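Chemist: Structure in structure tokens, see below.
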2 protein chains.
Amino acid sequence: MQTLNVALGDRAYPIHIGRSLLGRADLILPHLRTRRVAIVTNDTVGPLYLEALSTALAQAGVGVSAVSLPDGEAYKDWETLNRIFDMLLAERCERSTTLIALGGGVVGDMGGFAAACYQRGMPFIQVPTTLLAQVDSSVGGKTAINHPLGKNMIGAFYQPRLVLADIDTLATLPDRELSAGLAEVIKYGLIRDPEFLAWLEQNLERLVARDADALAYAIERSCRNKAEVVAADETEQGERALLNLGHTFGHAIETGLGYGEWLHGEAVAAGTMMAAELSRRLGWLGEAEVARVGALFERARLPVWGPLLGAERYLELMAHDKKVEAGRLRLVLLRELGRAVIHGDAQQTDIAAAIEARCR
Amino acid sequence: MQTLNVALGDRAYPIHIGRSLLGRADLILPHLRTRRVAIVTNDTVGPLYLEALSTALAQAGVGVSAVSLPDGEAYKDWETLNRIFDMLLAERCERSTTLIALGGGVVGDMGGFAAACYQRGMPFIQVPTTLLAQVDSSVGGKTAINHPLGKNMIGAFYQPRLVLADIDTLATLPDRELSAGLAEVIKYGLIRDPEFLAWLEQNLERLVARDADALAYAIERSCRNKAEVVAADETEQGERALLNLGHTFGHAIETGLGYGEWLHGEAVAAGTMMAAELSRRLGWLGEAEVARVGALFERARLPVWGPLLGAERYLELMAHDKKVEAGRLRLVLLRELGRAVIHGDAQQTDIAAAIEARCR
């Protein structure tokens, strides 16, 4: 087991990464306020892993309640969130009860937001079971639900007290979900870690083949990058926005197609290609470098072309982005491979041209 | 104009109390992040005061959007909250836009919660227009909506950047709402300010008659008490819970009858009588003192008896209280007039007897 620390002062917390961690109640107990937890999971993950986790906790003398949500981004809405509140109230959970999110990014985002809001805030633990959640969404305290007009529009910054990433849970992950997670892994290489990018270019097939050592390394390295950025800029006043490479374009794809059509990581991959293409048009990347990025995504079996929504529609959807400031779109672009920047001066025509060039 | 300060370090903020403040854009401008605001009001307050506020801001060069919600506690729910999000997204409000809540406690609670959640947090200003909001709910950062199983169950601690209390708005307040606000005014005297309690016993009729000087004094004194408690215990780990005198019983009345039947302040008055009665049974108050409390509420035209829901039903509803810890009800009781305490050892039978004694 490896342990990283997210350095946030009196709200600092550990990330444990390793094998066979789900049954390790001893890792969870020190982070509970009382011996009472409420587990939020979904209908795919629950049947696989809920019993292992809840049995271990029950044997340690912890009272366990649980709720299972329907699986998928399409359910990341208020109605489904309310099922968590219904369970918490029906089971008489208190504000000292700890909410544990057991699942992927959607479960973590919704469980975290429910924990942030229930009785104005209850303790919260992330047990991510997808690659995407283990390398990205479970770390850093961003929680949210979607609004029909924009992804992750309603939410909170709310840090967990512990992230417990059991790599063994990736064994049951569908190929498509594994690939989606790799999009965020590749992202860290592109935005701030050229050495990791080089490692990925050499080892991507090992990750696709689920080589345990390669996965453990990639998860640990990704979490380290994420933890550093979050510690420096918790509420995204600056640097943290760089983690959104490809996300402004990607959110437009997700919202435009309807939540759940594309996986988040798939939209991020295609969106990153648009960001790379725009970076090329600004003279920052060469054609060969854009091709290198595309090759990496293709080796990860990710889409490198966006759906044909029309550039107008993309721009309309992107205007709701949280990084918009004084009406101006602020995009994460690549100054070079391994170094992202925030750019607020791109012309609408250039953005539209980059989108058109990367759709088909 | 009087100005108090809520001392919360880098999130400290001023409370301005005085006459003709609604048109004073100069008091608001220093607290905006950009020259863009979204005003949340309701269908009763909006027609009276929205134009004065929005015109003043527009003349100062501020872009103004607005949404009006239906009036009343019955609408303090997710569906109505979502109307705020719809407006914010339709009007392309950014996370740097400032949300201004113009109205009473419900508008402030919902506007504040919307501001806490929209794009994970936007700046927020309170412009309370009821006595209850001016003396209590606009100060201290508690925001929430109701759940069918419990009042204020879903919410956030989210501090405003400014509270602007224009006493002139009380001129249009219905008598019943004025009385409801007086319940919270009397509360400060009962829990921690015996000198103020004595002043109230001498001056209550002046408040009921809306004497401007008396109201200004009572509001300023109430806000001073509230600001001191909030600064010492922002997230209610301890002392802040004392502000909930009568609220555990009162919330049971509100939830049990259906939100909106009784005004919050009315439920707090009847609930405080139950707390006083239980304090008497514990030997802390004499009969004459309980009668003094009751007389004060009656002079404020407030109910001193709860509705006949049955003690069982009260206890069931009270079990959802946010102060419940390890299954045990923690009640705010009166050790003496002017000094409240948290008490976790009351017997269910004693609590039930106190409820029965104060219902009819």
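In case you wondered, yes, glycine gets a Cβ from its N, Cα and C as well.
Unlike curated entries, TrEMBL annotations are predicted automatically.
TrEMBL lists A:67-179 with the feature domain '3-dehydroquinate synthase N-terminal'. Here TrEMBL flags A:71-76, A:105-109, A:129-130, A:K142, A:K151, A:169-172 as NAD(+) binding site. Taken from TrEMBL, the feature domain '3-dehydroquinate synthase C-terminal' applies to A:181-324. The feature Zn(2+) binding site is assigned by TrEMBL to A:E184, A:H247, A:H264.
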Chemist: Name the binding-site residues, out of A:A74, A:G105, A:T169, A:T172, that lie close to chain B, meaning a Cβ-Cβ distance under 8 Å, keeping sequence order and answering 'none' if none do.
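Modeler: Listed in sequence order, the binding-site residues near chain B come to none.
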Chemist: From the DSSP assignment alone, can you count helix, strand and coil residues within the domain '3-dehydroquinate synthase C-terminal' (A:181-324)?
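Modeler: Taking each residue of the domain '3-dehydroquinate synthase C-terminal' (A:181-324) in turn, the totals are 104 helix, 1 strand, 39 coil.
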Chemist: Taking just the CA atoms, what is the gap between A:T130 (NAD(+) binding site) and A:E184 (Zn(2+) binding site) in Å?
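Modeler: Rounded to a whole number, the Cα-Cα distance is 12 Å.
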Chemist: Could you tell me the mean pLDDT over the domain '3-dehydroquinate synthase N-terminal' (A:67-179), as a whole number?
Modeler: 97
Chemist: I'd like to know which of the binding-site residues A:T130, A:T169, A:T172 has the most other Cβ atoms within 10 Å of its Cβ.
Modeler: A:T130
Chemist: Out of the binding-site residues A:D71, A:G108, A:T169, give me the one sitting nearest to A:E184 (Zn(2+) binding site) by CA distance.
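Modeler: It is A:G108, whose Cα lies nearest.
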Chemist: Select one residue from A:D71, A:E184: among these binding-site residues, choose the one with the most other Cβ atoms within 10 Å of its Cβ.
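Modeler: Of A:D71, A:E184, the one with the most crowded Cβ is A:E184.
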Chemist: Just to be sure I understand, if DSSP states are collapsed into helix, strand and coil, how many residues of the domain '3-dehydroquinate synthase N-terminal' (A:67-179) fall in each?
Modeler: 47 helix, 33 strand, 33 coil
Chemist: Measuring Cα to Cα, how many angstrom lie between A:D71 (NAD(+) binding site) and A:H264 (Zn(2+) binding site)?
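Modeler: About 14 Å separates the two Cα atoms.
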Chemist: Distance check, please: Cα of A:A74 (NAD(+) binding site) against Cα of A:H264 (Zn(2+) binding site), rounded to an integer number of angstrom.
Modeler: 11
Chemist: Which one, from the binding-site residues A:G105, A:G108, has the smallest tally of other C-beta atoms lying within 10 Å of its C-beta?
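Modeler: If we count Cβ atoms within 10 Å for the binding-site residues A:G105, A:G108, the smallest count is at A:G105.
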Chemist: For the recorded Zn(2+) site formed by A:E184, A:H247, A:H264, name the remaining residues of the chain with Cβ within 8 Å of the site's Cβ center, in chain order.
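Modeler: These residues sit around the Zn(2+) site: A:L132, A:D136, A:S137, A:A183, A:K187, A:N244, A:G246, A:G250, A:G265, A:A267, A:V268.
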Chemist: If you draw a 10 Å sphere around the Cβ of A:H264 (Zn(2+) binding site), how many other Cβ atoms fall inside it, taking every protein chain shown into account?
Modeler: 28
Chemist: Enumerate same-chain residues with a sequence separation of six or more from A:H247 (Zn(2+) binding site) and a Cβ-Cβ distance below 8 A; give 'none' if the list is empty.
Modeler: A:V268, A:G271, A:V332
